[in-house]
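J.: Got a structure for you, written out below as structure tokens; questions coming shortly.
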Amino acid sequence: MGDWFEVRDYDAAGRIGELTVPRADVTVETPALLPVVNPHVRTVEPARMESEFGAEILITNGYILYGSEDARESALSDGLHDLYDFSGAIMTDSGSFQLSEYGEIDVDTREILDFQRDIGSDIGTPVDIPTPPDVSREQAADELATTQERLELAAEVETGEMLVNAPVQGSTYPDLRERAARDAYGTDLDVFPVGAMVPLLNDYRFADVVDMVAAAKRGLGADAPVHLFGAGHPMMFALAVAMGCDLFDSAAYALYARDDRYLTVRGTEHLEDLEYFPCECPICASHTPDELESCGDADRERLLAEHNLHVTFGEIRRIKQAIRQGNLLELVEARARGHPTMLDGYRALGDHAEQLEATDPATKDAFFYLSGESAARPEVLRHHQRLERLDADGEILLTEGDTNEAYDESWRVVPPFGPFPRDLSEVYPLNAEVPERLDERAYARAADGVARLAEANPDVDFTLGHTGWPARALDRVPADVDTYELGVDDAFGDPEDDADETA
Ligand SMILES: [Zn+2]
């Protein structure tokens, strides 16, 4: 693997990066969207995607070009860039998707890679085996072995300056995905698509998508560009980026348009159900849904495809801006409210807080606590890890209220973080914006912070003064930490009262 990918900025595991594509002599900024161009049906011309939508890279199916005599000849004689009138980078697929859909293709890895190189592809793909979700472990492992053989073969093929994809398979087995990623990363190949995700995406299994991407990411180096193959719905881009995906491809913009379906960042609408367009793009600003309905089929399909592309590229820009500002997780949180399965995906992301924490910046503009899911953010985890290293001594009051002279020190307590010395109050993320009406998870996580601190400092006497935490949160506070409710049983807050008890 060459030095083709450089990360500029991180937020959680999401990143802004630069993918250098030597054969096209371009640098693609990631996260990037690759519109899928069907060699036979160009709903929106690639040249327009470049000039009007800002596409820096697209993807087309090398196998379809290979399999159709006319297309093959013109691709070979003109080259893809002239054929499509597109000066950005062009990635080609190998037919693996056709293999997964129809069970059979008649080309092998060496042949299809030679062909992709010969038609001027900038990033080619070997023929891997896209193992579907939920198959037996044996099948997943067997097919993975075949995929790995093909990746090793692909690494031997003379591909010149063309970069080569190394798809990561493994069905719905996280350990197989992780191993597949490690083995793929160990080849000399360049870009790492997480493959066979389309069935999960079609079924809105976003928690599984997050788990599989997380597993793949554990096996890949930080310098590996990761492509979520087949993911084209803007609703889930922020979630996937936060988990570390860099590239997306959209056939959805055109496929949905064909069925009068209208993409939004919150889900999909049917044109016939819309009285108003909830969008600012040029198409929606200059048409009403009724006007679009009364267009001829071809015009309506094209206009809907253009709207779908605008929304899709718009979300990529919004995500990049969020990474720059350090509020990607707030964006994920907002998107998670669009659909219950997205909320599952966001909750699954919280399960991987440790992985996100590894690259999450130490400081950002602001932390907004927006729901119980915010309590699972990597910043909270990091604070809890730091609590173990803070110096604590004597008798310490941990309080949501004022300082108390009866103690050696009075630390602040802010849910969901838990306790910290007062002089850290303005330090990110402890300067978080937190609502007044908190949920139970915030208190529970704060209690976990108290527990972490107390366990790391068994010789210190801690007392917790809280504002009426729910019993389930207080249950998480260790028994040797005295607790009292501020303004209710303050007397209990005097350490002299229970000196014997804690001795
Ligand atoms: Zn629009």
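Every residue gets a Cβ built from N, Cα and C, even glycine.
Because TrEMBL annotations are produced automatically, they should be read as predictions rather than curated entries.
So TrEMBL says this about it:
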- Asp93: active site, nucleophile (ACT_SITE)
- Asp128, Ala196: substrate binding site (BINDING)
- Cys279, Cys281, Cys284: Zn(2+) binding site (BINDING)
- 13-340: domain 'tRNA-guanine(15) transglycosylase-like' (DOMAIN)
J.: Which recorded positions from the set Asp93, Asp128, Ala196, Cys279, Cys281, Cys284 come near ligand 1, judged by a Cβ under 6 Å from any of its atoms?
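T.: From Asp93, Asp128, Ala196, Cys279, Cys281, Cys284, counting a Cβ under 6 Å from ligand 1 as near, the near ones are Cys279, Cys281, Cys284.
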J.: Roughly how many Å lie between the Cα atoms of Cys284 (Zn(2+) binding site) and the residue listed as 'active site, nucleophile', rounded to a whole value?
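T.: Computed Cα spacing between Cys284 (Zn(2+) binding site) and the residue listed as 'active site, nucleophile' is 32 Å.
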J.: Tell me the Cα distance separating Asp128 (substrate binding site) from the residue listed as 'active site, nucleophile', rounded to the nearest angstrom.
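T.: Computed Cα spacing between the residue listed as 'active site, nucleophile' and Asp128 (substrate binding site) is 10 Å.
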J.: Rank the binding-site residues Ala196, Cys281, Cys284 by the number of other Cβ atoms within 10 Å of each Cβ, and give the residue at the low end.
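T.: Each of the binding-site residues Ala196, Cys281, Cys284 was scored by Cβ atoms within 10 Å; lowest is Cys281.
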J.: Beyond the listed site residues Cys279, Cys281, Cys284, identify every same-chain residue whose Cβ lies within 8 Å of the center of their Cβ atoms for the Zn(2+) site.
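T.: Other same-chain residues near the Zn(2+) site: Phe277, Pro278, Glu280, Pro282, Ile283, Ala285, His307, His310, Val311.
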J.: Using the structure shown, find which entry in Asp93, Asp128 (the recorded positions) has the sparsest Cβ neighbourhood within 10 Å.
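T.: Asp93, out of the recorded positions Asp93, Asp128, has the fewest neighbouring Cβ atoms within 10 Å.
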J.: For Cys279 (Zn(2+) binding site), which residues in the same chain are close in space, meaning a Cβ under 8 Å from its Cβ, but six or more apart along the sequence?
T.: Thr264, His307, His310, Val311
J.: DSSP three-state call for Ala196 (substrate binding site): helix, strand or coil?
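T.: Note: Ala196 (substrate binding site) is coil by DSSP, not helix or strand.
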J.: Hey, how far is Asp128 (substrate binding site) from Cys281 (Zn(2+) binding site), Cα to Cα, in Å?
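T.: Per the Cα atoms, Asp128 (substrate binding site) and Cys281 (Zn(2+) binding site) stand 38 Å apart.
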J.: If you average the pLDDT over the domain 'tRNA-guanine(15) transglycosylase-like' (13-340), what number do you get?
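T.: That stretch averages a pLDDT of 95.
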J.: Do you know offhand how many angstrom separate Ala196 (substrate binding site) and Cys281 (Zn(2+) binding site) by C-alpha?
T.: 32
